[in-house]
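A.B. asks: For 1-11, the entry in TrEMBL reads compositional bias 'Basic and acidic residues'. The annotation domain 'SLC41A/MgtE integral membrane' is assigned in TrEMBL to 141-275, 355-498. The region 'Disordered' annotation in TrEMBL covers 1-20, 63-93. Marked as transmembrane segment by TrEMBL: 104-124, 182-204, 216-243, 255-275, 287-307, 319-339, 411-429, 441-461, 481-506.
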Amino acid sequence: MSSKPEKKETHQANGAVLPIVPVDCLTSPDRGQVVEPSNFLGHDGNRVEVVVLESRANAKGVREEDALLENGSQSNESDDTGTDRGPEPASPLKETSFSIGLQVLFPFLLAGFGTVAAGMVLDIVQHWDVFKYVTEVFILVPALLGLKGNLEMTLASRLSTAANIGQMDTPKELWRMITGNMALIQVQATVVGFLASIAAVIFGWIPDGHFSIDHAVLLCASSVATAFIASLVLGMIMIGVIIGSRKMGINPDNVATPIAASLGDLITLALLSGISWGLYKELESKAYVNPLVCAFFIALLPIWIIIAKKNAATREVLYSGWEPVIIAMAISSVGGLILDRTVSDPNFAGMAVFTPVINGVGGNLVAVQASRISTYLHMSGMPGESSETAPRKCPSPCSTFFSSDVNSRSARVLFLLVVPGHLVFLYTISSMQGGHTTLTLIFIVFYMTAALLQVLILLYIADWMVHWMWGRDLDPDNFSIPYLTALGDLIGTGLLALSFHVLWLIGDRDSDVGD
C-alpha cells in the first residue's frame, strides 16, 4: 500500500458527516496495515470528542457557512487554515447585500401589505359596538398581533435554523419537528391568550376602577379562541414556507419570518373582531356561551402538552420557553393600553390604521435580523460555548451597522428598506382612504422619523440581545424574537402617538381629519 497522504474527504455515515483523515494517520508505525477508524484516538485519548467535533464542523460547513460567516478577514483566515478544514463546497452560496435585499424584498412587501390590510380592518371595526362598549378589546390587539412574534416568528426561526443545520433532511426528522412544534405553539397560544385577557382586564380596570365579570369572560373567550385558531393556521403556513424555501434553494431565514407576519396580523385581527363581535351578541341571551368557549380550549391543553413532551426537539422549550412569551405579552399589552387611550381621541385620528403598519414593519425586519444572527451563531457551536462569533457583550453602533461582516451588511440592507417600504404602504392607505386622514409632507416626515428610529433601535438591540443570550446558554431562536417584536410594538406605538401629539400641537392634524 502506498504511504502517500491522500486528500481529506467527507464520508456520509448514518446521517452524519465523518472525516476521513490522511492515510498516514491511519497506518500502524510499520505501515504494514491500516488501523480501523474506531481505533483512532485524539491527543487526550478520547476518541469520541474528536469525532463529534470534526463531524459538526464539516456537517455545518457544507451548508451555509460561507454564506453566513463570509467577510474579508474570515476569507483570508480560511485561506491560511485550509489544510485544517474539510473541503469547501463546490459552489458555495455567497450572500451579498444585493442577494440579501432581493430575497427579503418580496416577503417584506407581502408582510407590509398584510399589516396595511390589518390596519384597514382595525380602522373599520373600531366603530363596532363591541369595541365601543368593551374598550379593553383594544388592549388585546397588540398582544394578540404580537403572537406572530411570540410564537409564529419564533417557530419560523427555530425551524429555519433546524433546516439550515440539517435537522429536517429526512422525512422522519421532518415529521418529528412538525408534530412537536405544532403541539408546542398550541400550548403557548392558549396560555398566552388567557394571560393576555387577564392583562387587558387589569389594564382596563386600573384607570376607570370599573370591573364587569361578563366583559372579563368575553375577553377571555375571545382571546383564547383567537390565539388558538390563528396559531394553528399560521403554524401550518410557516411549515410549508420553510419546506418550500429549502427545496427552492432560498435561505429560510430571509423569507420565513416576514411571511409569518404577512397574513398573521390580518388573520389574527379578523378572527379577534369576528369572534368578539359574535360572543358580544350572545352575551345577553346566552351568557353560558363565553364560559363554554374558554373551557373548551383550556380542556385541550393536556393533549398538546403530552405531544410536546414526547418530542425531544420541543421538550426543553415546553419547560423553559415561557418567560419570553409571557414578558413579551405584558410589554405588548402596555402598547395596547396606549392604543386604547388614543384611538378614540379625535386628535389622534389615524392611529388605528397606522399602528399595525409601523409595528408590523419594525417587528418583521428585526425578526429577520435576529433569525440570521442566531443561525450564524449556531454554525459555530451550541449556546453557551466559548465562540469567536460571540465576542462582545455590548456592541457599538458602528460595529452593528458599519462593519464588514455579513450580519452588519444585512442590518444596513434591512434599515434601507424602511423608507421606501413605508412610502409604498402610506400611499396604499391614502389611496384606500384609510384612517380618515390625508397625508401631508410634515406628517410623512414625522411618521418616517418615528419608523426609522424604531427600526434603528430594534436592530441595535437585536445585535446585543442575541449575542448576550447566546453567551448565557439560551437559544436565541426561542428567546430573542418575542422580546424584540414586543419592544417593536411598544416603541412603535409610543413613537407614533408622540408624533400625532406633536402634530396636533403645531396644528397640522386639525385640517387633516376626514369626513
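Indices start at 1 and increase along the chain as displayed.
Using N, Cα and C of the backbone, Cβ positions are placed for all residues, glycine too.
Mind running through what each feature is packed against?
C.D. replies: Beyond its flanks by at least six residues, the transmembrane segment (216-243) meets 134, 136-137, 140, 143-144, 147-148, 151-152, 155-156, 159-160, 163, 168, 174, 178, 181-182, 185-186, 188-190, 192-194, 196-198, 200-201, 252, 255-256, 259-260, 263-264, 267-268, 271-272, 275-276, 279-280, 283, 289-291, 293-294, 297-298, 300 of its own chain at Cβ-Cβ distances under 8 Å.
Among residues of the same chain six or more beyond the transmembrane segment (319-339), those with a C-beta under 8 A of the stretch's C-beta atoms are 138-143, 145-146, 149-151, 154, 184, 188, 191-192, 195-196, 199-200, 203, 351-352, 355, 359, 478-480, 482-483, 485-487, 489-490, 492-494, 497.
Counting residues 6+ beyond its ends, the transmembrane segment (411-429) has Cβ neighbours under 8 Å at 97, 100-101, 104-105, 108-109, 112-113, 115-116, 119-120, 353-354, 357-358, 361, 365, 368-369, 400-402, 435, 439, 444, 447-448, 451-452, 455-456, 459, 463 in the same chain.
Same-chain neighbours of the transmembrane segment (441-461): 354, 358, 361-362, 365-366, 369, 395, 397, 400-401, 411, 414-415, 418-419, 422-423, 426, 484, 487-488, 491-492, 495-496, 498-499, 502-503, 506, 508-509, 512, counting only residues six or more beyond its ends whose CB sits under 8 Å from a CB of the stretch.
Sequence-distant contacts of the transmembrane segment (481-506) (same chain, six or more residues past either end, CB-CB distance under 8 Å): 142, 145-146, 148-150, 153-154, 157, 257, 324-325, 327-329, 331-332, 334-335, 338-339, 342, 347-348, 350-351, 354-355, 358-359, 362-363, 366-367, 370-371, 442-443, 446-447, 449-451, 453-454, 457-458, 461-462, 465.
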A.B. asks: Which residues of the chain, 6 or more past the ends of the transmembrane segment (104-124), have a CB below 8 A from one of its CBs?
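C.D. replies: Contacts with the transmembrane segment (104-124): 141, 145, 254-255, 258-259, 261-266, 268-270, 273, 352-357, 359-361, 364-365, 368, 413-414, 417, 421, 424-425, 428-429, 432, 434-436.
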A.B. asks: For the domain 'SLC41A/MgtE integral membrane' (355-498), jot down how many residues DSSP puts in helix, in strand and in coil.
C.D. replies: 111 helix, 1 strand, 32 coil
A.B. asks: Give the residue counts of the domain 'SLC41A/MgtE integral membrane' (141-275) per reduced DSSP state, in the order helix, strand, coil.
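C.D. replies: Per DSSP, the residues of the domain 'SLC41A/MgtE integral membrane' (141-275) fall into 120 helix, 0 strand, 15 coil.
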